[in-house]
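*Asks:* Shown below is the structure under consideration.
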Amino acid sequence: MGTCSGGQGVPATVAPLCSAPHPSPHYLLPPIHEVIHSRRGATATLPCVLGAQPPSYKVRWSKVEPGELREVLILVTNGLHARGYGPLGGRARMRRGHRLDASLVIEGVRLEDEGRYRCELINGIEDESVALTLSLEGVVFPYQPSRGRYQFNYYEAKQACEEQDGRLATYAQLYQAWTEGLDWCNAGWLLEGSVRYPVLTARAPCGGRGRPGIRSYGPRDRHRDRYDAFCFTSMTAGHVFFVPGRLTLSEAHAACRRRGATVAKVGHLYAAWKFSGLDQCDGGWLADGSVRFPITSPRPRCGGLPDPGVRSFGFPRAQQAAFGTYCYSE
C-alpha cells in the first residue's frame, strides 16, 4: 500500500498527496499488429494473448459496427468453454494454441466481417481490452440504379450494394480507393452514414477547383436524403467469363445457364477486374441490367480513357440485342 502525506490541517476539498501505488497487473499483451489483413473466404485469426492467467476470468469478443454505433457480442470464454453469439454463428471459435491463448478464429471470412474487434478480459477487478481491425483486400465501386443518380436513402444504398455482391464501403476503403485512382463526382453513402465523393482532378463541377481529396456532405438523414452508393467487394470464390454475341438480357441469362453459370453481378465483374486481371473490350450484360466491360490495359477504342477500370454503357433496354454477357461460375 502506498504512503500518504498530509492529513491534519489539510482542507477536506484537497486530496492528500500519496506515493504512487503499485501498478495493477495487466494480463492482456498488446498486439504486435493491430490490423489483420485477409481475403473473403479465407480463415483469419485475431490474436489476443494473456501474459499471465488470472485466478478467475472471462474473455469476451465483440465487433464494433460503425453503421449502427453499437458493439455486437461474438463469443465468451472462461478459458475452458466458449459460447458463440450473433451473426458469426459457428464460423467463430477460439484458437486455443496454449493455455494463455484467447485468440479468435473466423472461418470463411465474409465482406461483413471486416471491421474493428475488441478482446476484453473480465476478471472482476480491473477489466482490460485490446482492439484489432480485420481488413479485407478489395475494390470500391460507385453504384446507382437504372432510374438515375441520387435515388437511394441509406438503407436502400446498403441493400443495393448487397444485391451486387458487395457492402457499403467505409471511409477508409473509399480513401484507399482514392489513393489508387478513384475519381468520381457523384456523392454516395458510406457505411458510417456519411455522404462523400473522391476527387483526384479538382474541377468546377466536382466541388470547385480546390485541392484534390475526399469531399464530404457530412452526416445526412438516413431515411430522407438520397444519393448514390459506394460499394466494396473482395475476391470471389468463382470466376467471371465473357460470352460473345448479340443478346437481349433474357438471352444473356439463358446463355449463362447453359454453361452452368449465372449472369455476373457488378461486384463480380469488379472483383474479376481487380484480382484476376480480366480485360475484355466488349460490353456485356450484368444481372442488374447494366452493360459494362473491364479494361486492365487501356488502349484506343476500349472506352477512350487512359486509366484501367470498369467502363459502363449504362442501362440499355433489356430487349436490345446488341451485347454479349458476363457470366459468373462458382
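Quick reminder: no glycine exception, Cβ is built from N, Cα and C everywhere.
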*Asks:* Looking at the disulfide bonds in TrEMBL, identify which of Cys161, Cys206 pairs up with Cys185.
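*Replies:* Among Cys161, Cys206, the record in TrEMBL lists Cys206 as the disulfide partner of Cys185.
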*Asks:* Check for me: which candidate out of Cys256, Cys302 does TrEMBL give as the disulfide partner of Cys281?
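*Replies:* Between Cys281 and one of Cys256, Cys302, TrEMBL records a disulfide, namely with Cys302.
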*Asks:* May I ask for the distance between Cys302 (disulfide bond) and Cys185 (disulfide bond), taken between their Cα atoms and rounded to an integer number of Å?
*Replies:* 22
*Asks:* Output the one of Cys206, Cys281, Cys302 that, of all these disulfide-bonded residues, has the highest number of other Cβ atoms within 10 Å of its Cβ.
*Replies:* Cys206
*Asks:* Taking the domain 'Ig-like' (25-135) alone, what is its mean pLDDT?
*Replies:* 88
*Asks:* Would you mind checking how many other C-beta atoms are within 10 angstroms of the C-beta on Cys185 (disulfide bond)?
*Replies:* 14
*Asks:* How many whole Å apart are the CA atoms of Cys185 (disulfide bond) and Cys281 (disulfide bond)?
*Replies:* 25
